[in-house]
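First comes the structure, then the notes that go with it.
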Amino acid sequence: MRPPAPAALGLLMLLLLPGEAAKKSTPCKRCRELVDKFNQGMVDTAKKNFGGGNTAWEEKSLSKYEFSEVRLLEIVESLCGPSDFECNQMLEEHEERLEAWWLRLKKENPDLFEWFCVKTLKVCCFPGTYGPHCLECQGGSERPCSGNGHCSGDGSRQGDGSCQCHLGYRGALCTDCVDGYFSSLRNETHSVCTACDESCKACTGPTNRDCSQCEVGWVEEDGACVDVDECAADVFPCSDQQYCENTSGSFQCEDIDECSLAEKACTRTNENCYNTPGSYVCVCPEGFEETEDACVQMQPAGDEVTEGNPTQPPSREDL
């Protein structure tokens, strides 16, 4: 029906580009991508009228372009790029099946993905099912993992159907809340976990007064968890060259920038101050030399006037 796809070129590209190109996708993903491209090809050619040299043959043999082999050829030719080895390989292996679906089976099986990937190649399952036999995910196929997680292998012939819960949820069906979250809604069909206030390690509601246990860095006071000001502790937590900055639930020690203080750290004239971790240095700028009480600008070597005025650039006659 069409010239052989450039699989050899695709393989060469795969070998030359061992990075992203060499990362094989799953059989279901490859099949789904091929079907998506095929469906897009049908959209792109939906309003097109065949007007080539075989128009009369088309009208006589296949009635109209919409269901013709010519249209199929145009769709297939646009499915895979020359360097897409996996796409070309799958297309070459199953092109006859796609042709059979297009010409004979499409009316009874309008969903190409269902017919091709799920029922024929058996590399995919319907959403909410998994594994070789397309069993239902934990929690059922309608709302796997109670809508609070991802079913392992969902929609493919892989995985074990177990739930990988979203942040804040735990349990076989992802209906329970982890520490730091509380149940804000729970009924026969839905379970919602909401984050506690940052001061709570465990809680029953959203505020710092709903804590059943305070987080590290907070302490219970008048029925609420409040931040501990570590900087006001009897023992100063930072070194003498640092100042303490209190933060929510913690603190941080910041270096004192002696160069920015009101009282100058470097007192000699023209001297520059550079802050360093825990200290500072005083340095004369470039072009200045250090003396006991100042940074004095050095005399440029060319300033001395000698015979021939060497400070002036040479003229053409001197060269």
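Each residue, glycine too, has its Cβ placed from N, Cα and C.
Annotation in TrEMBL places CYS174 in a disulphide bond whose other cysteine, of CYS165, CYS177, is CYS165. Residues of the same chain lying 6 or more positions beyond the ends of the domain 'EGF-like' (255-296) and with a Cβ under 8 Å from any Cβ of it are 239, 241-243. Long-range neighbours of CYS174 (disulfide bond) (same chain, six or more residues apart, CB within less than 8 Å of its CB): GLY139, CYS145, SER146, ASN148, GLY149, CYS163, CYS165, HIS166, SER191. Predicted-model confidence for the domain 'EGF-like' (255-296) is 89, expressed as mean pLDDT.
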